[in-house]
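Trainee: This is the structure I have questions about; it appears just below.
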Amino acid sequence: MSQADAPRHPARLRSFTRRGGRMLKQSHEDAWERYAGTLVLDVPRPRGADASTGVDPAHRLDPSQVFGRSAPLVVEIGSGSGDTLVHAATQRPDWDFLALEVWRPGIGHAMAKMDRPLPNVRFLEADAALALQTLLPPGGVHEMWTFFPDPWPKQRHHKRRLVSPDFAATVAALVPTGGLWRLATDWAGYAHAMRQVLDAHPSWELASTGRAPLRPVTRFERRGTEAGREIVDLAYRRA
């Protein structure tokens, strides 16, 4: 079959946009140089369009080998500049934290907030929606965190939103019965959509609408509040 005759597949919709790859400050670059070798996971990548943010589907991550112990694992999707991640990992040294982030400057910024490389933190430059389908063992995630994902506010972009029935099923396969998926957003329409998706999913039941205990007030959140947007927290328990 020639290339022209090969079947065409629609491009996969991404739930994120990749911003520039340059560090915002020299201190972030310095932190990356110091800590990336220890804290950023080196994983096999697929070929093609997903080479920079994908993970080879055949690769499996063993958290006990990565962290050198067996401990409750928190996976944060989109750690941004790391405010929540660094705060939580400092407060809970008995938990392990894996941050999936596609924006390298954000990882550098997070590292710059550490006085030393936190032994219970690892970063992975990866598209969570794709990587989490195959990366981790079933039932291996104590809590999944999705704080302030891109709301894609325009109607025509709603299909790009991360929280969808398909992704709810992906997370359900990773979180054991009784485990939690914590979410937060400052877009009322997205909060409503999250509720619709997860309330309709048989694997999830609403556990709380209170603020996540380890989520600090970040600069991003303050900007939303100052703009008049209400912050909505949700915690869903794996049924």
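Our numbering is plain: 1 for the first residue shown, then up by one each step along the chain.
Cβ coordinates come from backbone N, Cα and C, glycine included.
These numbers come from a predicted model, not from an experiment.
Under the heading region 'Disordered', TrEMBL lists 1-20. The compositional bias 'Basic residues' annotation in TrEMBL covers 9-20. The feature S-adenosyl-L-methionine binding site is assigned by TrEMBL to E76, E101, D127, D150. Positions annotated as substrate binding site by TrEMBL: K154, D186, T218, R219, F220, E221.
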Trainee: Compute the C-alpha separation of E221 (substrate binding site) from E76 (S-adenosyl-L-methionine binding site), stating it in Å without decimals.
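Mentor: A Cα-Cα distance of 17 Å.
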Trainee: Determine, using Cα-Cα distances only, which of these binding-site residues is closest to F220 (substrate binding site): E76, E101, D150.
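Mentor: It is D150, whose Cα lies nearest.
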Trainee: Any same-chain residues 6+ apart from T218 (substrate binding site) with CB under 8 Å of its CB? Would you list them in sequence order, or say none?
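Mentor: Correct list: G80, S81, D83, T84.
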Trainee: According to DSSP, does F220 (substrate binding site) sit in a helix, a strand, or coil?
Mentor: helix
Trainee: So if I draw a 10 Å sphere around the Cβ of K154 (substrate binding site), how many other Cβ atoms end up inside it?
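Mentor: Excluding its own Cβ, K154 (substrate binding site) sees 8 Cβ atoms within 10 Å.
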Trainee: In the structure shown, with every protein chain counted, which of the binding-site residues E101, D127 has the densest set of Cβ atoms within 10 angstroms of its Cβ?
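Mentor: Of the binding-site residues E101, D127, the most buried by Cβ count within 10 Å is E101.
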Trainee: When you measure from the Cβ of D186 (substrate binding site), which residues in the chain that are at least 6 apart have a Cβ under 8 Å away?
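Mentor: The list for D186 (substrate binding site) reads F148, P151, E221, G224, T225, R229, E230, I231, V232, given in order along the sequence.
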Trainee: Are there any residues at least 6 positions away along the chain from R219 (substrate binding site) with a Cβ closer than 8 Å to its Cβ? List them or say none.
Mentor: S81, D83
Trainee: So the record assigns E76, E101, D127, D150 to S-adenosyl-L-methionine. If I measure every Cα pair among those residues, what is the longest distance in angstrom, as a whole number?
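Mentor: That value is 14 Å for the farthest Cα pair.
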Trainee: Which state, by DSSP, holds E76 (S-adenosyl-L-methionine binding site): helix, strand or coil?
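Mentor: E76 (S-adenosyl-L-methionine binding site) sits in a strand per DSSP.
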Trainee: Using all protein chains shown, find which of the binding-site residues E76, D150, E221 scores highest when you count other CB atoms within 10 A of its CB.
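Mentor: Result for the most crowded candidate: E76.
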Trainee: Quick one: pull the CA-CA distance for E76 (S-adenosyl-L-methionine binding site) versus K154 (substrate binding site), whole Å only.
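Mentor: About 25 Å separates the two Cα atoms.
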Trainee: Among K154, D186, T218, R219, F220, E221, the annotated substrate contacts, find the widest CA pair distance and round it to a whole Å.
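Mentor: Roughly 25 Å, rounded to the nearest whole number.
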Trainee: Test of understanding: give the count of other CB atoms lying within 10 angstroms of the CB of F220 (substrate binding site).
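Mentor: Step by step: centre on the Cβ of F220 (substrate binding site), count other Cβ atoms within 10 Å, giving 14.
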